[in-house]
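Working notes for the structure below.
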Amino acid sequence: MQRVLTLILVLLLAGCDGLGGMTDAEYVARAQDYLDRGELSAASIELKNALSENPQNTQARWLLGKLYVDSGNFPGAEKELSRAKDLGVSSESVLPLLGQTYLRLGKYEQVIALADRSGSLSEKARASLLTSAGLAHLRQGRKDEATEKIGEALALDAGSAYPLYGQIMLSIDSGDLDRARNQLDRLLKRHARYAPGWSLLGDLEQKNNRLEEAEEAYGKAISLRYDNGSDKLKRVFVRIRLKRYDQARKDLDELKTESPRHPGIQYAQGLLHFIDKDLPKAQESFETALQSNADFAPALFYLGATQYLQGNMEQAVEYLNRFRAGNPDNRIARILVATIRLKQNDYESVENLLQPLIGPESGDVFLLNLMATALLKDGKTQQGMRLLERIVELEPESTPEAALAKAKLGIGYLAGGDQDAAVKMLESAIEIDPNLQQVDSVLVLNYLRQGQADKAVQVASRFVARQPDSPVAHTLLGMAYLAQNRESEAEASFLRATEVAPGDPAASMNLAALAMKRSEPDRAREIYDRIFEVHPDDLGALIGLAALQAGQGDLQGAKKRLEQAIAAHPDALQPRILLAQIHLKERDAAAALRTLGDFQARQSDTPGVMAVVGEAYLFQNRFREAVRILQRLVTMRPDSAQARFLLSKAYAGTGDRVRMEEQLSRALELDPSYYAARMVRANIRLIQGDVDGAARDIGKLKEQYADDAGVMGLEAVLLAKQGDAKGARDRLEQRFLADPSTGTLLDLVRMEWALGERKRAIERLTGWLERQPDDTRARMMLADAYLQQGETKAPLEQYLRVLDQSENNVIALLNAALLLREEDPERALSYAEKALSLTPESVAAMDTLAAVLLRTGSIDRARELNAKTLEKAPGTPAYRFRKAQILEASGDREAATRLLATLLSEKAGFRERDQAQALYQRLTAR
């Protein structure tokens, strides 16, 4: 919420004299720095920021297109490169990349058309386009045309890697692998850093079963380019064949961070789990196998059986039914599907599946029980009863099995409303086996479910009379008394149960519930402690105490009890869900997923599992996966406000605004007091400019959460949106006083700065730092504030204080170097050198060091660094100005003047523009 609020405030105050504004050129420079480090996602964000500031920035447009080519986003590359071309970026720079993009998109005729119009380009650029055109012909089966185009490319540029690569592909297409290998060896000898060549070598080596060599070749390809996912996946399969499983897992872990749902990655992961004999995790391997042979019967059957054992009922039925389509008489498959359908309450399907297996003389008690259960639950009481009667006849008299059969028959009579027959059969069961407590339990619980508390008390009392030393009997009687609101008698029965069986979990937990109802948490804890003295790992008690602790804010204590429950009951789902929910409250999605473990697959259709996994994916920005899971959850629980709110967040992550708002509104319809949903909708309405709607939402929030810091911050945004900046400032100040933190402080300071209350803002920062001297974020903002006012000593002092606390803070090092370059150039040089050593590919660090070197007279090194910055970010105005300074210092006043004239005519905004103008005037005045 804090980050969202900060973003909204910045957006609302756009155009104000705020702190930290950046030009499009500076965004491009930062993007280039990220590109140098191979951080494509961060670079993409900065380039998009630059284009948001200035959609006409040609360098940003071209760099973004090239980035998309490097990272394999070819639809995005096509869009950006086409825009760059329209904006005037030279064909020399754009068309070769666009040709490769069209090739990867399968737009072969467009590739060929580009090559046909490439006559005005340099030989190198034409050769690249002709190679792409040749490969386009080759992929369409036009080998003669492919040979012609690639031959033309080689005639123009026989030394570059791409045309040579095209030549190799011709040889492979001809089936001449020896020739292809010789050509590839020559290519790699001349272009040892050409990643596609190493990837192709890995393919050839693997085809020849030279696995060691293939692994090495793929490793080279991976090390040489950003987009190394396909090569890394190929290496996974090679390493599996080499039985280097740990190394294969390491590659897979890296791949999963980028493309966790890629089918090849899933298949490889399944192979490794299968090798480990971990069938629940091997599920994906069976599924992938079926993608290539959908009718492979053994895989269908065993995948269905595996899904069943993991609790994934619908998937199990799907695969088992596909198996049965080719094997309709398979008995086991029918029984498995029938068992699943019974769990799903699909009784008609159970009957249809089992009927062919049950004849008039059938003696299979398991089948008869299964069928009888389905018939009874389907309301076909008479048919079900006949089967139960047959089971009773089949079971020998006076055996535990006979007692159990009669108990089931009695329960069947009970379900059919035949109380007399039920009682007779149940009593017969008890007569055979007096210890068959479930008979009395079923009767009592059935009456309680039906709301017949008096009958429940009557049966439970007889149970107590018959078995006075049974804690179950006393507990059931206590539950029956509770249904009559007779709490004192209920408590006495529960206490009697604990006298008969000290620490009895069921009775004790009822006593703890009564204590909590009377607001006696300490008493409840004492009761739980007595349970654990006798039953230290009782599942229900561990969960009950954890719930009590969590309700009182003791999350660590709750986690400890739930971890104990999981250790003692590894197959129990409930403690895992509860512990995972606590991890999510602590924003630790990875821990939540680890807690669920293989239950994610085994119980993937369970609402609790779906909710945890969906929310965890939201924390991990895996939005599309979250959407799929949460859609299923909403289908199963359409009246759950929480499920709909989670789904709205998932839609927001995918950019689907319409569905996001639809689910958010539905969540609030179901639960108007839902704090998180109301906060999000108010934020959205503010961003969309719906001030009245936001005001209504904030009004609702204030009714229940008037003193909440988040609500106060949101109201400040509303006031700013309504034009009441001072009111917003006052609300932010109120929030800061209620919740003093770095975040609330900086929001308040930004607002004060925007209102021109600079003195107050600085005083507030200095006062905070007196109390919190180690707050680096606040100190950096104070330094920036001083810098905005044109001061030099005050910001320098703050940057140096930051460096005392964090000697490797690169931003502080760079700013201190720039501020010191006039009065203490040697010290400035040491700071700039250190910053560059920490971030050797940073263009900002290179430029700062160049500026300091210029001051110390080290012109040659300054020129060298400036050349590198311009190579990485050729259009950046600040770096071009630095070049002009270096030219002027070198005595080339004419070149400096020309460069400055061009730079200033472009109207580009950069911080040193005034200095550039002054230098230009000085040079032209002479």
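Cβ coordinates are placed from backbone N, Cα and C, and glycine is handled just like the others.
For 195-228 (among others), the entry in TrEMBL reads repeat 'TPR'. Residue counts for the repeat 'TPR' (195-228) under DSSP, split into helix (H, G, I), strand (E, B) and coil, are 27 helix, 0 strand, 7 coil.
Annotation source TrEMBL lists coiled coil at 201-258.
The feature repeat 'TPR' is assigned by TrEMBL to 297-330 (among others). Sequence-distant neighbours of the repeat 'TPR' (297-330) (same chain, 6+ residues past either end, Cβ-Cβ under 8 Å): 279-280, 282-283, 286-287, 289-290, 336-337, 339-341, 343-344, 598-599, 601-606.
The repeat 'TPR' annotation in TrEMBL covers 403-436 (among others).
Cβ atoms under 8 Å from those of the repeat 'TPR' (471-504) belong to residues 437, 440-441, 444-445, 447-448, 451, 453-454, 456-457, 460-461, 463-464, 510-511, 514, 530-535 of the same chain, restricted to positions at least 6 beyond its ends. Summarising the annotation, TrEMBL assigns repeat 'TPR' to 471-504 (among others).
Under the heading repeat 'TPR', TrEMBL lists 505-538 (among others). Residue counts for the repeat 'TPR' (505-538) under DSSP, helix first, then strand, then coil, are 27 helix, 0 strand, 7 coil.
Sequence-distant neighbours of the repeat 'TPR' (607-640) (same chain, 6+ residues past either end, Cβ-Cβ under 8 Å): 260-261, 573-574, 577, 580-581, 584, 587, 589-590, 592-593, 596, 599-600, 646-647, 649-654, 663, 670. The repeat 'TPR' feature in TrEMBL is assigned to 607-640 (among others).
Here TrEMBL flags 641-674 (among others) as repeat 'TPR'. Cβ atoms under 8 Å from those of the repeat 'TPR' (641-674) belong to residues 607, 611, 614-615, 617-618, 621, 623-624, 626-627, 630-631, 633-634, 680-681, 684, 700, 704 of the same chain, restricted to positions at least 6 beyond its ends.
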Stretch-averaged pLDDT - the repeat 'TPR' (505-538): 93
Summary of DSSP states over the repeat 'TPR' (297-330), given as helix, strand and coil counts: 27 helix, 0 strand, 7 coil
Per-state residue totals over the repeat 'TPR' (641-674) - DSSP helix, strand, coil: 28 helix, 0 strand, 6 coil
The repeat 'TPR' (471-504): DSSP-derived helix, strand, coil residue counts: 27 helix, 0 strand, 7 coil
